[in-house]
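Annotated features, as they stand in TrEMBL:
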- B:1-34: region 'Disordered' (REGION)
- B:1-12: compositional bias 'Polar residues' (COMPBIAS)
- B:118-139: transmembrane segment (TRANSMEM)
- B:167-188: transmembrane segment (TRANSMEM)
- B:218-236: transmembrane segment (TRANSMEM)
- B:279-302: transmembrane segment (TRANSMEM)
- B:314-336: transmembrane segment (TRANSMEM)
- B:366-390: transmembrane segment (TRANSMEM)
- B:402-425: transmembrane segment (TRANSMEM)
- B:480-499: transmembrane segment (TRANSMEM)
- B:505-528: transmembrane segment (TRANSMEM)
- B:540-564: transmembrane segment (TRANSMEM)
- B:570-590: transmembrane segment (TRANSMEM)
- B:735-793: domain 'CBS' (DOMAIN)
There are 2 protein chains.
Amino acid sequence: MANITKKVSWSSRGDEAGAAWEGTPLLNGSERPSVSRQLSGERRLFQIGRLSTVDLDEEITAEEDSTSWKPKEIPHNEKLLSLKFESLDYDNIENQLFLEEERRMSFLGFRCLEISRWVVCGLIGVLTGLIACFIDIVVEKLAGIKYQVIKENIVQFTEAGGLSISLILWAVLNCAFVMLGAIMVACFEPIAGGSGIPQIKCYLNGVKIPRVVRLKTLVVKVFGVICSVVGGLAVGKEGPMIHSGAVVAAGVSQGRSTSLKRDFKIFEYFRRDTEKRDFVSAGAAAGVSAAFGAPVGGVLFALEEGASFWNQMLTWRIFFASMISTFTLNFFLSIYHHKPGELSNPGLINFGRFESETMAYNFYEIPLFIAMGALGGALGALFNVLNYWLTIFRIRYVHRPCLQVMEAMLVAAVTAAVSFIMIYFSNDCQPLGPDNSEEYPLQLFCADGEYNSMATAFFNTPERSVRSLFHNPAGTYNPLTLGLFTLTYFFLACWTYGLSVSAGVFIPSLLIGAAWGRLCGILLASIAQADSTWADPGKYALIGAAAQLGGIVRMTLSLTVILVEATGNVTYGLPIMLALMTAKIVGDYFQEGLYDIHIKLQSVPFLHSEAPATSHWLTAREVMSSPVTCFNKVEKVGTIVDVLSNTSTNHNGFPVVVQVSDNDEPAKLCGLILRSQLIVLLKHKVFVELAQSRLTQRKLQLKDFRDAYPRFPPIQSIHVSQDERECMMDLTEFMNPTPYTVPQDTSLPRVFKLFRALGLRHLVVVDDENRVVGLVTRKDLARYHLGKHGLEEMHLAQT
Amino acid sequence: MANITKKVSWSSRGDEAGAAWEGTPLLNGSERPSVSRQLSGERRLFQIGRLSTVDLDEEITAEEDSTSWKPKEIPHNEKLLSLKFESLDYDNIENQLFLEEERRMSFLGFRCLEISRWVVCGLIGVLTGLIACFIDIVVEKLAGIKYQVIKENIVQFTEAGGLSISLILWAVLNCAFVMLGAIMVACFEPIAGGSGIPQIKCYLNGVKIPRVVRLKTLVVKVFGVICSVVGGLAVGKEGPMIHSGAVVAAGVSQGRSTSLKRDFKIFEYFRRDTEKRDFVSAGAAAGVSAAFGAPVGGVLFALEEGASFWNQMLTWRIFFASMISTFTLNFFLSIYHHKPGELSNPGLINFGRFESETMAYNFYEIPLFIAMGALGGALGALFNVLNYWLTIFRIRYVHRPCLQVMEAMLVAAVTAAVSFIMIYFSNDCQPLGPDNSEEYPLQLFCADGEYNSMATAFFNTPERSVRSLFHNPAGTYNPLTLGLFTLTYFFLACWTYGLSVSAGVFIPSLLIGAAWGRLCGILLASIAQADSTWADPGKYALIGAAAQLGGIVRMTLSLTVILVEATGNVTYGLPIMLALMTAKIVGDYFQEGLYDIHIKLQSVPFLHSEAPATSHWLTAREVMSSPVTCFNKVEKVGTIVDVLSNTSTNHNGFPVVVQVSDNDEPAKLCGLILRSQLIVLLKHKVFVELAQSRLTQRKLQLKDFRDAYPRFPPIQSIHVSQDERECMMDLTEFMNPTPYTVPQDTSLPRVFKLFRALGLRHLVVVDDENRVVGLVTRKDLARYHLGKHGLEEMHLAQT
């Protein structure tokens, strides 16, 4: 097990743990009286909602104690995300090199850049659309074949007896597909597991998640999602599209692929975090757009999750990418469906046409929608709590790839078995309509000309099931069928999310919600028998689906717009908004959203859009890490190498200072330099020999930094000889001479606002003489959060 | 004339002019070599697009010379907006008082605040919806009566002869209404003129436009828009709704009305710019939402124009206000229309139902849509250029209220006359359909059972005309009618925008575009006779309307969403986006957007979302105003009064410093205090007598500042005796101890980004010892813009 797990030590004190993130050591000397008073003093890794009864932290404490402070093992699946997360730098490094380049550039040059940005966004849209198209067609083909084979088998054995053979066939087929998908994810690229939305949220928030936007991840993601959907799991193919779009964007915008070792020598200007993150926003939006046919929803998703600063041109480009993505998908799907050029189709998931005449809602239905929202919130919180426990269990016990593959196969088999049993014991027979809207109607034990209604829900891809629940006429399902379906699918979906397969939670959530929503509609219609027109079950299915999805993922504006766009009808804006809002309020009372839970479980230093409300009594002085490792403007190479090689600190940003006097007082700030820049400088041996009086530094260009971006080599790979160690290095040209600073008395919300609004990575704290006294990094801000007992401070894992 | 115009002096040098804005005097000693080189050296007030041939600045220079440097008269209409615009402070003043209050507040307190924010947003939505409802019903009633009277008159005189009497009746009725509206606007509240969108854009951008969010403005706006729409002008009632929503928001959120002298003692926490601006965003969104039935579009409008920082909760609240607004409007309109509870109606402007089956578009239509977008952009630019010239003309010659009223009446009469003549000479007779969709079908000289098609377009409120153009079946209009209508309405609308009436430009633009769009559709259908289904004229009318509107106002994402929501069908998202995008690109090539033109003509220091591309060679050192008037931490009252009373500088923000030594070197920065705070301090006589050793300062509370907000008394109204002048004032408690600072070498884009992202009003520039060397304010940043010859610097009007 040693070869697949990593030894990690939990820090014994949060204050020290803070040091290792990317800042500087925080000595015990730093005073934090108010915090200490508020904190319970116990080790508290993450705050669990009030429904939760498992106290992970106590567990950990116990384990730590039993191993007498030895490092604790973090299992494979979490380890991959609990590595030291670095931050992205949304703030341009405006050093001399950069400014010189910008100043050289003519107005025409900027115009060309602007045009290339549009071209890149167009490419992102086209490629994302093509990927969506590929996934859709392959899934449809494979699932069609699978269901056809099973259906023929069932028909064959229904009369002859021996349906257990059909069950086994079904389970084996599912297991085979899922095994393939799980092996890819578990063994080759674990980051491709799940929907990828939490990872993209983190990336857009400014956290660099390792390998999240690599080509390999994309390939595994695409084939993984095909396998898991065809494998009949309770999953959707929509979430992964968002991740796929983001990877496409990260690749296209850099004009090269490190994996394929191809550099097209284009878009070199975009090889930095600022630009890349903008494009990744566009990619995520294009992904949402392709998945749900919701370009505006995609833009809002990207903005809600990512952009810290609203920029009109950026938003417009993101929208362009989204539109192109939907357009490409629709165009190629229309060709595939032999209706070339008919572009009025939505994205991957098709909610079907909602006619507002037949499904208009009335004033007195508003309270019903709100009540359904509350139910969705409660059910969503239950889902999240169950999934939270399951994830904890998985982190502890299911961390070896073979176990993960086996669990995935087990879930696939159980899904097939449960579905089969439900269909087998269902006696909800419905007459086959003249339009024959069912794709694979199963007759089973029904009379001729009838089909099994339970099979519509279970013996189908989830997307089709959702559409049936929305649009099949009243009376297609009987209430018992819907109730049983909701119950079983709820637990299946909950068990499935978090498996080592590439799959999304959107569609299962919608399906669960649509089922109980339709049930509500049927019950309401039976209560108000006289006027049954108002309680159209399809309408209630839609609201239920929205409420359930909102209760699980807790997205707000973007989800409203996505659902409205997916229905293709703006009439339902208000009911969907009300349901989502209620679901969020009710759900948040019990437990956080599913994505947030998973982000927290991965110990990601995620920055919300505002500082915790009651954090005004904290100032930069208490929050910052200090003392700070600084460099002089002209620094000895040996010192730099030693600092960079010090694995116990592993700092990423270093203030550059000028010593004003020889005594020990802190030096004046004159710049900021990053580890990555220093490594490039060391690699290119940009040294000044002391003996020579004039500078012999090799002239470095921005290109050298861009070529190394984003995979800067580790310091260990750079050899520096003993002679070179004695040389000096002049940082003046490369450091950012105007880093943002704050005084020590700045309150935490103020620091937070500056940090978040500008997307900073390092914020230097200075005293009133402009001397460096501390450094604030992402982890210094992210660790404060509102708990049950007021402001709490999270402790951080060393690795 | 002296009583209605104001003497204003144009500065002779831009550098000096910069001083008077809200910063500090900019001495000639400040070096700006690179700028000077780029500037032509001539006085250049605003950059006129390349189509423009009028050089206003030279005119002004000539006039100035002729009056030998005497102050120049700025006419009434412009004067009102060319007063010194102050900035809003989106950055919290985190002084000791504020921090103490925040620290005292419990978590529950913050929760209550959050709930009040939601309540306020709900109220904003309800009130905005009610206002929209009121406007809609009154306009419908009055317009109905007017058209009925005229129609009866026309019918009476058609056979008897003497139609000129009808014409006179029509013109007189129009003039009467318009006169009423124009008098209200011109004499009582000129800021209520126009659509109000430029003003709200400025407000959300952070410019304090005097009286823009007052109750009186709202009243004049509402009755003014009713008069102008009923008066038959080529205007819409949608733009003013946005302004109305903003006023409602500003009023409700403050929990008091200064005009009515009522203070409800609620929402006192929200009495500062930060909070107020958030609510005004919500109000503007609610206004858009009510006007177009576009809640999402409203949110995007507010964000596109206003929010500098994307905040999830704020966005969600804005969306809530928007939704409530649409809901309220629909609810009351449904009662008014005797279909209570039917909520599926859109906002004020109803685009009618677009059925996607009949109006689906095809791949090969995309180039056509793009071409229409280009045409819309070109026509929009023409519109803007004409309106620009007209506005210049109005600023010079039509600045007295009586002239303005007369011009409005003239336009009203001409509109009636032109409409009548067009109808009279039209021979486009169409059979009356069985559904009789025309509200006021004019038979005129048509055969029985037929009606005059030209009258559908002219003899109708513009909203109805738009709907007819979108939805009337093919063949309802003949091409000549549409062509003539486009031509006349184009010039009428252009003449109308900018009159001293309260009215919007959205609907006229849509109408012009719909007319030529429909014309395009008809022409296309006649070319491709075989398959006429694809060239549905209604579809092309929609795209034309979008292109024309986009070409005039140049809004991007928000306009796309507004139009999509107004059509109630997301299918047209791509074509509308393409048309808008092309229109923007083509239009921007010739001339700016209409709102931007008017903002520039009012010399508003408007900050765009990014610094001009080629401004990297400018640094804070060149941009800042210096030297700065600073105060000591404990300052003599006399000094403060003198500085505040100095009308030649009129600074609004003062760095507070600590002298480290007695020599002349700049002192160390320790805070920032605003004029408004000093005035409150002076008013409350918060003095320390030097003779007494212990502090006897009266304890001021935040409440005192909030009570004075936002109408702080002028310094002249505060009497300070000679004895008091000798007292000292301790600023420590009131100043913001942690103002944001930048070093002198910071590049302009970096300063700009910080300024814009945080919504700052003052940004202190310090040297590397934290000594104040300059101050950057909004005007220092806003004056740089990209002109034809690269970066240009605008000169600023002294007043």
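Placement of Cβ uses the backbone N, Cα and C atoms for every residue, glycine included.
A quick note: this is a predicted structure, and the numbers were derived from the prediction, not measured.
Between the transmembrane segment (B:314-336) and the transmembrane segment (B:366-390) there are fewer than 3 Cβ pairs closer than 8 Å, counting only pairs 6 or more residues apart in sequence, which means the two stretches are not in contact. With a threshold of 8 Å between CB atoms, the same-chain residues lying at least 6 positions outside the transmembrane segment (B:167-188) that come near it are 142, 146, 149-150, 153, 216, 220, 223-228, 230-233, 401-402, 404-405, 408-409, 411-413, 415-417, 419-420, 499-502. Under 8 Å from some Cβ of the transmembrane segment (B:218-236) lie the Cβ atoms of residues 131, 134-135, 138-139, 142-143, 146, 170, 173-178, 180-182, 184-185, 188-189, 192-193, 196, 243-244, 247-248, 251, 349, 408, 411-412, 415-416, 419, 461-463, 489, 492-493, 496-497, 499, 501-508, 510-511, all in the same chain and six or more residues away from its ends. Beyond the transmembrane segment (B:505-528), the same-chain residues lying 6 or more positions past its ends with a Cβ under 8 Å from any Cβ of the stretch are 195, 234-239, 291, 349, 368, 372, 375-376, 379-380, 383, 457, 462-463, 465-466, 469-470, 474, 477, 479, 482-483, 485-486, 489-490, 492-493, 496-497, 534-549, 552-553, 594.
Same-chain residues lying 6+ beyond the ends of the transmembrane segment (B:570-590) with a Cβ under 8 Å from its Cβ atoms: 49-51, 354, 356, 359-361, 365-366, 369-370, 372-374, 376-378, 380-382, 384-385, 539, 542-543, 546-548, 550-552, 554-556, 559-560, 563-564. Same-chain residues lying 6 or more positions outside the transmembrane segment (B:540-564) and placing a CB less than 8 Å from one of its CB atoms are 197, 288, 292, 294, 296-298, 300-301, 303-305, 351, 354, 369, 372-373, 375-381, 383-384, 466, 469-470, 505-506, 509-521, 524, 570, 572-573, 575-577, 579-584, 586-588, 592-596. Outside the transmembrane segment (B:279-302) by six or more residues, the chain places 120-121, 124-125, 128-129, 131-132, 200, 203-204, 213, 237-239, 241-250, 252-253, 270, 314-315, 317-319, 321-326, 328-330, 345-350, 506, 555, 557-559, 561-566, 568 with a CB less than 8 A from a CB of the stretch.
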